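Residues or ranges marked as domain 'NADH:quinone oxidoreductase/Mrp antiporter transmembrane' by TrEMBL: 120-403. Among the features that TrEMBL reports, transmembrane segment is placed at 21-43, 99-117, 123-143, 155-178, 198-218, 230-247, 259-278, 317-337, 373-397, 417-443, 464-485, 640-658 (among others).
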Amino acid sequence: MTTTTSTVVATSTPNVLPRLGFGRVIGGMATSAAGIVGVWLGLRGMFGSVRPVDIDWLLPLSGVRIELDPLGGFFVALTGAVAVPVGCYAIGYARREQLSWVTMAVLPVFVAAMELVPAAGSVTTFLLAWELMAVTSLTLVLSEDTRPQVRSAGLSYAVMTQLGFVAILVGLMVLSAAGGSDRLADLTGVSGGARTAVFVLTFVGFGSKAGLVPLHAWLPRAHPEAPSPVSALMSAAMVNLGIYGIVRFDLQLLGPGPRWWGLALMAVGAISALYGVLQASVATDIKRLLAYSTTENMGLVTLALGAATLFVDTGAYGPATIAAVAAVVHLMAHGAFKSLGFLAAGSVVAATHLRDLDLLGGLARRMPITTGCFGVAALGACGLPLGAGFVGEWLLVQSLVHAAPGRDPMVALTTPLAVGAVALATGLSVAAMVKAFGIGFFARPRSSQAAGAGEAPASMRAGMAVAAGACLILAVAPGLVAPLVRRTIATLPFGHAVEFTDFGAVVRLPGVPGSIAPGVIAAGVVGAALVASGLALLRSRRRPPPVVLPLWACGAADLTERMQYTATSFAEPLQRVFGEVLRPDTYIEVTPTAEAQFMADRIAYRTAITDAIEQRLYTPVVGAIGAMAGWMRRAHTGSVHLYLAYGALGVLIVLVAAK
């Protein structure tokens, strides 16, 4: 019965909140409580101490089965770990942004639904939990539905999530029919065409939830428009369940597949990583930038899973295991730094009511704690040393480099391309995060809203501090999570377990001449920074006091905020280099002076970048559907006689077809 605790607590919240004056506090506490229960149950499930629970009366015919193994326990614990700081943060955010009690009531239900997905022990239970997760997340996205952008984002998300659900439903129906059972544990040994059909359908369905290209169109629309606690949960926890579906059904239940499975995963992962980070590097909306970064990181995880699948097929079990470990470690890191990034961005939005980086700036002095937290998140997203994302990406590169390319020509061809994709994605990610952090938080304020910003409330700072602490632990001592990683990959067909030693001081890889010491790197960097700061302090004491004078502006008037670099100008070189992919729309308006027509008094430069895949793929499809709907609307004349004729014609067609 303990496995249903978080669900009972969460689903009872909507009936309690309207009656309490402090309903928003209760909603945040219930969200954190559901997260704590999820972490506890997930850890118990990983180490095999949770008994399966069957609730036959809840659903007719099939009932509900909850069963936690190490793989499901990992994702339950990861979801709960993300929900704990988000619930604390949501208390202050709800007060500042005046979120409704309905939003705060649905928030813990959403967390419970996400925790039920990897805890499902049957196909029916899985589909029920998956749809509950979709409905609650859509409700949260539409919580501010008075704005047209929110309604448009909600419609896009609803369409994509239901199309993905249809693909998953059909795929699991084929799997259940071929396996002859509804229990997930019994659905092994499927072969032939049914196996291929299940792989394709589930990969499409779960890939859409993970935000993989080209099924990502909903993600940069829904995440920015949702309240920031919801964005954090969706981007740091919900998309992980798309990866869970791929791992559970395509890799574990179906078993090691043919070579093209791994190649497909690697190709989609690499394209998603590159396209997502490229869009992030030119985005000026801080939440849209983080949303595209999610596509990038889910692409890297998918690339790692594809590499593991390919390496198993070629017999390179050591690199396959390292690639699988890279995927698991990076999922944890992404959950930490992406939730922190959205929480910090939400603090900025709550303080300034702005998401446009071109209008921000000067926040480091006004919001120092938020600035520091966003810096930790940005460093983690960059994939550089001292960042939470570094270890996972380093493991991925190690698996690709040491994959014994001489063993198989396909491996020799794909691994250098994959290494190049990871390197390019890392470089573009650095550019995107430097832009977001440097332009958004430093220099002078570019608007009155940024100039009047103030630090976030205590509960919001506490939530960000918890997420920042998780980022620092994963960056400095990743070996602390080694038991969790080992238990997770033990259920997958990826060879032997990887050994982590010395409590995270050194990460060693079996059969590979590679190791890394994140703690030593961190200590060295901190020590060097302290020495440099001490020397600078001593030197400053010997100098005369500084004299503050106006900065010379080359003979022109005083410098203004308009003369600073903006996010748009920072990304302009990338727009030029990748112009064929981005296809930016640029507008330049020149206002001449009154004295001379050919002398410019004011130059306005505006650029807009729409998602190229959305514009070229989805927009024509939506237009065709709209045209078809308009054509079919002509048949709706309002005449009862005509409608009866339609019915008679339909019956006649059925009779002829049956005959």
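Just so it is clear, glycine is given a Cβ too, placed from its N, Cα and C backbone atoms.
The model shown is predicted, which means the values in this text are computed figures rather than measured ones.
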Stretch-level contact, the transmembrane segment (198-218) and the transmembrane segment (259-278), CB cutoff 8 A, at least 3 pairs: yes
Cβ-based contact of the transmembrane segment (99-117) with the transmembrane segment (230-247), 3 or more pairs under 8 Å: yes
For the transmembrane segment (373-397): best-contacting stretch of 21-43, 123-143, 317-337, 464-485, by Cβ pairs under 8 Å: 317-337
Other parts of the chain folded back onto the transmembrane segment (417-443), taken as Cβ under 8 Å at six or more residues beyond its ends: 266, 270, 273-274, 277-278, 280-281, 283, 286, 289-290, 293, 296, 299-300, 303, 307, 348, 357-358, 360-364, 367, 371, 374-375, 378-379, 381-384, 393, 396-397, 400-401, 564-567, 570-571, 574
Chain residues in Cβ proximity to the transmembrane segment (21-43) (below 8 Å; excluding those fewer than six residues from its ends, i.e. six or more beyond): 2-3, 5-6, 9-10, 13, 50, 68, 72-91, 94-95, 99, 101, 103-105, 107-108, 111-112, 115, 119, 229, 459, 484
